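Written out below as structure tokens is the structure these notes cover.
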Amino acid sequence: MLVEMLWLFLLNLVLYVSSEVTHPELSECFTVNGRDYRGTVSHAGPEGTPCLYWNQTNQHMFNAQSDSDGELGLGNHNYCRNPDADVQPWCYVSENEDGIYWKYCDIPSCHMPGYLGCFLDFGTPPALSGASGTSSKLTVQACIRYCRTKGYQYAGLEAGYACFCGDPSDVGSLQPASGSQCDQYCFGKPNEICGGDGKISVYSAWVGACQENLTSCSGVLYSPDFPEEYGPSVSCMWDVLAPGSAAIELQFHIFQVPDPKDVLEVRDGTSRTLLMKVQGGQKPPSSVILPSGQLWFHFQSDQEFGGPGYAITYRGLPITVTNSTPLQETSEELSLASPNSTSEHHNTEHTSASKGLPITVTNSTPLQETSEELSLASPNSTSEHHNTEHTSASKALLFLAAALALLALCIGIVIWRYPSWSASIPCAMVQPTTCSMLYGHKKERMGDLTCVNQSSMKSLI
């Protein structure tokens, strides 16, 4: 019994050390329907029903075997995913008396910025009291554009076809609902969420605007008509002023601009000096700091193609970012990181995505004729980032050393007390109840996956 307990302890310790060293924490998704979600939420529905493991759902359409290359995020886990581009992440659950075998997951951060969430709508009076309308071709952007042209700050979608507009006074009195209850497909675009039965999905009316003046310390920039694709021959400009800031940090959460002829330029808001230029097909850094408290953005698409678009958050910083040497005409590589004030969540993202890309950056000098490879950085934050990594790695190595020492002690005790016993520990020594802890319970056969939430759609028939 003692040997068994020590063996299990060592196994768990080694697994912990391995995860600390090689598997950084995954971030939540940032798109409208959570197709790219790779987080660790493993329960579904308002009641928090545990999800089944994807390697135990072979009787269904989606399982670990059907995703052998890992593109859909399925595997030996029970985390919520969206492999079929549904309205939001979901998972298979155990059958009950109603025959339900899959449910949507409630992941608050698994949506685009500018989406306020899912709220209750009692109907009298409506949750958003401004202008309203219905359409059999309703999409998120169609409702947002409608409310923006009417002069309202917020747009709400309900039951797949209804659009409501409102102001901050309306939003301040909304009662939140579980995100999994806003589960209706938009009638005009089936992979977008347009509320639910008596539930309203609320968005900022400035999502996807082509021109805008932003004067807050932080905010979001979207490509034109986001979350829908931007079109060809688009030319949009945004002025961003972060009061009291000497620099602005940009976070590139989404940048899906496939055409190399489509270009996003970022210039100093006063001098119009080019600070950054990203062309279609390039992958921008996850974070970049530009040495100006006022920025001017210009996005231009060519006359032939559009694309999915981008979502960029900005945040003003009360620091001055300078380079010790002027930009040279030859190619240079600089490393960049976020400042010390960056949140722990952003630091986690920077750990897994710290590579730069070919972009054009200038500070106080005009743009040179030759392109330069730059990625922006703050020296203090780079040092802090490496210190954090060093501390985590040291802790993991200490745990590993302790595990090896304990293992050696156990082997010595076994050899001393049982000299004739083989040095290898047979797997049969582990109790069946212990082995079952390492594998999820395999479920009996269930029905086939349906493509829509039937219970929600019944109310619209």
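Placed from the backbone N, Cα and C atoms, the Cβ positions cover glycine too.
Annotated features, as they stand in TrEMBL:
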SIGNAL    1-19  signal peptide
DOMAIN    28-110  domain 'Kringle'
DOMAIN    112-206  domain 'WSC'
DOMAIN    210-317  domain 'CUB'
COMPBIAS  350-369  compositional bias 'Polar residues'
TRANSMEM  396-416  transmembrane segment
Check: How does the domain 'Kringle' (28-110) divide up by DSSP, counting helix, then strand, then coil residues?
Finding: 6 helix, 11 strand, 66 coil
Next item on the list: Would you mind splitting the domain 'WSC' (112-206) into helix, strand and coil residue counts from DSSP?
Entry: 18 helix, 34 strand, 43 coil
Note to self: From the DSSP assignment alone, can you count helix, strand and coil residues within the domain 'CUB' (210-317)?
What the structure shows: 0 helix, 60 strand, 48 coil
